[in-house]
Each structure stands twice: as C-alpha cells, then as structure tokens.
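Enquirer: Sharing the features that TrEMBL gives for it:
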type	residues	note
COMPBIAS	1-15	compositional bias 'Basic and acidic residues'
REGION	1-21	region 'Disordered'
BINDING	Arg133	substrate binding site
BINDING	Asp134	Mg(2+) binding site
Amino acid sequence: MPHAPQDHTPPDRGGRPLPVVPEGVGCADLVDAMGRLHGHRADLLPLTSPAPERPLFGPAATIAYLPFRDDFAEGNRLGFAGWFYRAVGEEPSGKVLVLSSGGYPDASHGGATKLSRLANHGLAGLLTDGRLRDLDELGASGLSVWCSGEATRWGGDTVAPYAANVPVQVGGVTVAPGDFVYADRSGAVVLPAASLDRVLAEAQKIRETDLGFLSSIREENPEALRRGEDSSTET
Ligand SMILES: O=C([O-])CC(=O)C(=O)O
Ligand SMILES: [Mg+2]
C-alpha cells in the first residue's frame with residue numbers, strides 16, 4: 001500500500017460541472033457522510049471567518065508553511081506571490097487556497113493586501129489553521145475566508161511558504177491538492193475528489209432522514225415512550 005497518493009490531479013469529471021452542496025446540507029451532514037464512506041479523520045473544529053454567513057466550497061490548492069528559515073533562499077525569493085501562482089496554476093477560478101500553519105497557529109499567515117490576489121483571480125476563498133491579518137478587509141472582498149483567528153503582528157519572521165500543491169496537514173486533517181474543502185460556522189471538512197459525488201449524495205440522504213426523524217419526533221407519544229412501548233424513533 002502506498003503511504004500517500006502519488007497523483008494529486010483531481011479525477012477528470014468528463015466535462016460534468018462541479019457539483020454544489022445540496023440545499024440544507026451543512027458541515028455536520030458532510031462529516032457524517034464522510035464517516036460512512038471513509039475511515040480517516042476529515043473534520044476540522046470551527047474556524048473564524050469575517051463573513052461566517054458565507055460557506056466555503058471548492059477544490060483545494062495547497063501551500064505548506066514551515067517555521068521560517070533565513071537560509072532557505074529559493075523559498076524566500078519566491079515569497080507568497082510565487083508560491084500562490086504555483087499553487088493555483090492555470091485555472092485559479094473557484095479554487096480554495098489552503099495554507100497549513102507550519103506549527104505556529106497563532107502567527108499571521110497573510111493579510112488582505114497580499115491575499116487580494118485571491119479575489120483578483122476568482123478564487124472561492126481561503127482556509128488555514130493559522131491566523132490572518134485585516135479580517136474586516138478580507139470580509140469586504142466577497143471571499144469566504146476561514147482561519148484560526150485574527151493577528152495584528154506580521155508573521156513573516158515566524159513562518160513562510162515553502163511548498164505548493166503538496167498534501168498538507170491543517171487542523172489535524174490531511175488536505176491533498178484537488179480535495180474539496182467545505183467550511184461553515186459549524187466547522188470544516190475535507191472531501192476526497194474521487195468520492196465527492198457519493199459524499200454529497202450520502203449527506204443529502206442523511207439530511208432527509210433527519211428531517212423525517214424531526215416529524216416523527218413531533219408526533220411521538222410521550223406516555224408510550226415512558227413505558228418503553230415505542231422504539232420506532234431511536235434518536
Ligand atoms: O500579513 C502580511 O504578510 C502583510 C499584510 O498585512 C498584508 O498583506 O495585508
Ligand atoms: Mg495588511
């Protein structure tokens with residue numbers, strides 16, 4: 001068994017458009033669906049967003065941050081701009097930029113000025129387990145941005161980008177380039193591209209089953225349940 005996927009190219013969808021998350025389906029439904037279809041950890045605890053009403057969904061372009069090294073000349077020369085354009089490639093539109101915090105979740109991993117490239121190139125947004133600066137400005141950009149919190153101090157002497165489009169670890173979860181990332185106020189979840197359609201269908205089924213439970217719970221008989229005579233709804 002290989003320890004990591006070697007090819008991170010998202011599977012060819014045969015011209016089919018990218019799917020959307022079904023109406024009413026949220027993070028917990030997607031995490032439940034992932035639990036049914038995969039054995040690995042896929043959920044991140046809730047992150048902070050300047051526009052939490054704006055869920056994030058799209059294929060990941062990853063940048064790995066590491067603790068800053070003054071002798072990493074090539075990486076430092078590329079800077080954020082170089083790593084950003086390497087990560088998003090020729091088709092940046094709709095992608096989610098994923099920045100791994102590199103062991104310093106409280107350091108800033110960027111601010112609204114350099115991250116204005118995301119809106120310029122039509123990305124869906126950004127997810128990181130590190131902090132960001134200028135959250136108000138990022139919220140006004142129309143992007144969906146999720147991070148561990150706001151920072152005011154520049155973080156470039158603490159962490160720096162050193163690789164693009166490699167699998168990264170974010171909030172205890174592996175994100176490979178091309179994985180689909182979803183985030184809302186409840187949390188975030190990482191969906192393998194090859195399973196995407198099945199996970200979305202399963203999440204919709206879970207949501208519909210829950211709606212069915214809600215109406216049978218409304219109609220249940222408290223007396224019968226106290227006597228232990230009705231176990232039709234086990235929620
Ligand atoms: O965080 C940084 O590296 C610089 C910054 O504030 C910005 O780009 O707006
Ligand atoms: Mg700034």
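Heads up, the Cβ atoms here are built off N, Cα and C, so glycines get one too.
From a predicted model like this one, the values you see are computed outputs, not experimental measurements.
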Enquirer: By a simple count, how many Cβ atoms lie within 10 Å of the Cβ of Asp134 (Mg(2+) binding site), its own Cβ left out?
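Expert: That number is 21.
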Enquirer: Identify, in sequence order, the residues in the chain of the residue listed as 'substrate binding site' that are 6 or more apart from it along the sequence and have a CB within less than 8 Å of its CB; answer 'none' if there are none.
Expert: Ser108, Gly110, Gly111, Ala112, Glu150, Ala151, Thr152, Trp154
